[in-house]
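Worksheet for the structure shown next.
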């Protein structure tokens, strides 16, 4: 005998199902569930009188090794490698085992992984599950950035620095092995995955030393020198050791123009930071680098989306970050050369067509570590509103979430571990109430353990008595068990002597191209007028006015 339920009633009991649409917070984006992987009538639900009980959805005779450690039930998955589906998520030993149907195969149909007496359950009904976000451009100015990153859904951070030194406030490079080991030890207690980038140089010896000490790649920055000789030698060493190179090019064109930088790169793989140029890079046409097949381009969040206030905010920001003197006319001229409304507008369009593949923060160095997810989806909202290209909401959402999940993972050689919810990946999972996506996550699961979550007054009789605040959970205090350092293959052994957590090698970074960027592999022809700064993309100047009003703003931060 079967019971027939209305869609509304089914959603109330088990969460939305195939064909249902869910609005993302107060944006104009509505995702549609493409497929429900859970067998109807055999849903696993925890609670009094529900199905996740001994002999029902729970198999009492299962051995620990045969059943999951953790199952998230009935979640709405948004993942660029999987799509937008409804499923249970099975986790064992901190690794995702399956996306499908959890339960007791003796009495339930279509079970993909077993729930036993050793299984914990998180009820995901009505919640969105995404991979933990990845920030690929972090200046380690202050350790407190970690709390803001966790509270924004980030579980992996790639970058460099040593604290509020001038070098770190400007560049994401850890200089030398001693500083690298100090930063590894300092970051080890925190429940995020980390990859540290070292300083690119024209000197091979120092770069080889820091690679063997555990750097995951190199950063070339104009404040340390981004000359063609530095670019060439850094990429040569990177090719030999299979690590990624990130670059902030020469704004003042002192040692060459964009063409000279491209010649020095010589068709080799490179991750180009803040390709619009306000964050730094050849003025006024660094944005053209987004059309190169070997370049993996990213933006930093202050210019995204382009609004009526974006241009004005950047001058003082730039002066502060790059140690410029407002009393020196040349310093002011340098700063002004980097700020162009025309390229900011074009950057919005390039993101929407999938020509800029990643988004990142540039934390405390012309960027906000807790706003990358917000600004990514504010931009998606704005571009849907402008309707310059014809794509459906599911495709647009997957395009934009790829920029902060799988694409930075691919770029930095860690996609076998993080960046998606595919089986075999680390169980870094963020749960969201759709009403708050992507502003305030509900729960951060790190390596299969709850590390950070909204929690109420801990002297209350229930978990969610006011005030509700983000607080560290038990997984936070087991960071070495649930988190990883990513290093060069040669650096694994040395890094393992410094940290308590497992160390994993980056790999397959040197043969990448724009073609490898999921949902973001477009290669347009980009032209910049050197006088007016107008940007033509495939021969057209896209009309992208500054936004006057955006979603995901004050409404979510009133208290």
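Heads up, the Cβ atoms here are built off N, Cα and C, so glycines get one too.
Each residue in the domain 'Urease' (132-559) has a pLDDT score, and their mean in this model is 97. Taken from TrEMBL, the feature domain 'Urease' applies to 132-559.
When other Cβ atoms within 10 Å of the Cβ of residue 362 (Ni(2+) 1 binding site) are tallied across all protein chains shown, the result is 28. Marked as Ni(2+) 1 binding site by TrEMBL: 137, 139, 219, 362.
Annotated N6-carboxylysine per TrEMBL: 219, in sequence order. Under DSSP, residue 219 (Ni(2+) 1 binding site) is assigned to a strand (E or B) in the three-state scheme.
Per TrEMBL, the feature Ni(2+) 2 binding site maps to 219, 248, 274. Residue density at residue 274 (Ni(2+) 2 binding site): 27 other Cβ atoms are found within 10 A of its Cβ, drawing on all protein chains shown. DSSP assigns residue 274 (Ni(2+) 2 binding site) to coil, not to a helix or a strand.
Taken from TrEMBL, the feature substrate binding site covers 221.
Around the Cβ of residue 322 (active site, proton donor), the same chain contributes 170, 223, 280, 335, each under 8 angstroms and 6 or more positions distant in sequence. Secondary structure from DSSP puts residue 322 (active site, proton donor) in coil. Residues annotated as active site, proton donor in TrEMBL: 322.
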### Message
Around residue 274 (Ni(2+) 2 binding site), which of the listed binding-site residues (139, 219, 221) come within 10 Å, judging by Cα atoms?
### Response
none
### Least buried by Cβ count (within 10 Å) of the binding-site residues 137, 139, 248
248
### Query
C-alpha of residue 137 (Ni(2+) 1 binding site) to C-alpha of residue 248 (Ni(2+) 2 binding site): distance in Å?
11
### Query
Distance between residue 139 (Ni(2+) 1 binding site) and residue 248 (Ni(2+) 2 binding site) at the Cα atoms, whole Å?
13
### Message
Around the C-beta of residue 219 (Ni(2+) 1 binding site), how many further C-beta atoms are within 10 angstroms, looking at every protein chain?
### Response
28
